[in-house]
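Here's the structure we're looking at; comments come further down.
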């Protein structure tokens, strides 16, 4: 009886069993118990379960995927029909129009998933669109959850609903955010099926959080269920990279958000070479807001200001200079009923605009202010300007100076703020890498360029509950790529995850439609490089027909990254062979001291008879040579290996410089980024 009691006690500790993609379990253990388990000879390792958070109409037209005039990826890819996109996030709101299953056929017979019943969720909430739903509440402190949270796959946070509808939402006419950004709302693969895996939970302070154990369980279940694409808009670490590797080795393409800690370098998350890591870009849509000063001078800011149900028409209001708009600064200042000018710190050494803005906004409204004009350098704060029908407008520093001078020169300064309009078009410089998008190089795999690709992630309109909202983040850019991968998977069902990644990386744009280099927002704004956007900005129409692909047998990851994979275990012990020898659609050599020769193999997936010639852009300070420089393909010769030799021109402790290798066949180009850093010493801080 004592042994039975011990067994029952042990079983009660187990939170998740992993059995589909890999073998293991998650359990609630004390530190001493974890040490005892780690000593068992059958146990490879014991790791603590960490915690992770979430990382958002026009974007698809901007990418050339117009629903009204469908291009090849949409039309020939049948809008992603019957491709199954797994979304690992905060759940989903099934009543949203974006998840209508009208016109859908039966659920694909290969689907093995479930519709897990829970709070305010029964089997009727699954459909021919949302074909599966699971939630992972084991180990969650239910007392710490927000009062609006549901113990089910239902989304209380709206983040998961937004990402799912971005990747694979059905077509919805006349969607908008209070009249802004109006038009068709849809996902990249609007006819794809959605499988929901809720791992992030809304907690009492309004943020969301989920455990490593839950995310591992979701990936394990998704492998079993039969998804084609896994979209994870969450960050934290590479705790679940091995689970993602198992998914890739089962033919599932795994797409991750890069993180929102930009523009600082080496802040990128989710950097395993077998996944697609997505940076965020800005599109050509803007939200101009007219500011008229009392002297009739007009200034244009940016905001999401709309007239609420109880709002009066725009009129002149008193204008006050609130300085930093800290509680201390506003104390004793009468701002009741006034519009307040708030100035953020100009130095990144102090808390920047993103850190100051929420407090300044709250302080103004607590003091009775009617609205605010916030002065900042470019930081993509637009989402925070939704002040529920009150004006909260962003202006840049020189514009703020003009407003400040007007206030100083007038005894009774006045201002009128008009509701925002949304406009699109070629007059806006786009795309640009968003300032919040996390940057490389990868702190874990320096010999692998990360991020892989950039996609729209700033000011994205998508479903939020039963309405539509605007969100920004790499959380929004990742499902754009997931939707495109779903289309490409429908077009090329036999392509591997590596081939699909190659297709989007090698066809990405590094210039805008005017031929101008893509810029990266930051301190200062600069021309983007591979650590900002990987191969460049995604171009789904070109990716549908890439010409050549850099394919990888997923078993090769085991060898190159010291991973041992068996039916019962998996472990990675660091890089055993330089990662740049893996057949990735990029090259990164972080310690170039002597000439190094790197192999690459390309497979022709275009016209059988084709000749490609090398175009070399050497990284500054490095000589790059390619042999052979001409590749001749025919029906019998579909794959060709070539060598890239990189030689440092000087002996010095340098920094990263960038170049590229492009294979050209007429108008078709296949480009990979190259990053090198000349070094003399190991572990040398400059």
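Including glycine, each Cβ sits where the backbone N, Cα and C put it.
Database features, via TrEMBL:
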- 8-49: domain 'Inhibitor I9' (DOMAIN)
- 80-511: domain 'Peptidase S8/S53' (DOMAIN)
- 89: active site, charge relay system (ACT_SITE)
- 159: active site, charge relay system (ACT_SITE)
- 475: active site, charge relay system (ACT_SITE)
- 581-675: domain 'Subtilisin-like protease fibronectin type-III' (DOMAIN)
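A map of TrEMBL features onto the structure.
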residue	record	CB count, 10 Å
89	active site, charge relay system	30
159	active site, charge relay system	26
475	active site, charge relay system	31
Which numbers of helix, strand and coil residues does DSSP report for the domain 'Subtilisin-like protease fibronectin type-III' (581-675)?
1 helix, 63 strand, 31 coil
Integer Å distance between the CA atoms belonging to residue 89 (active site, charge relay system) and residue 475 (active site, charge relay system):
10
Calculate the per-residue pLDDT averaged over the domain 'Peptidase S8/S53' (80-511) and state the result as an integer.
89
Determine, to the nearest whole angstrom, how far the Cα atom of residue 89 (active site, charge relay system) is from the Cα atom of residue 159 (active site, charge relay system).
7
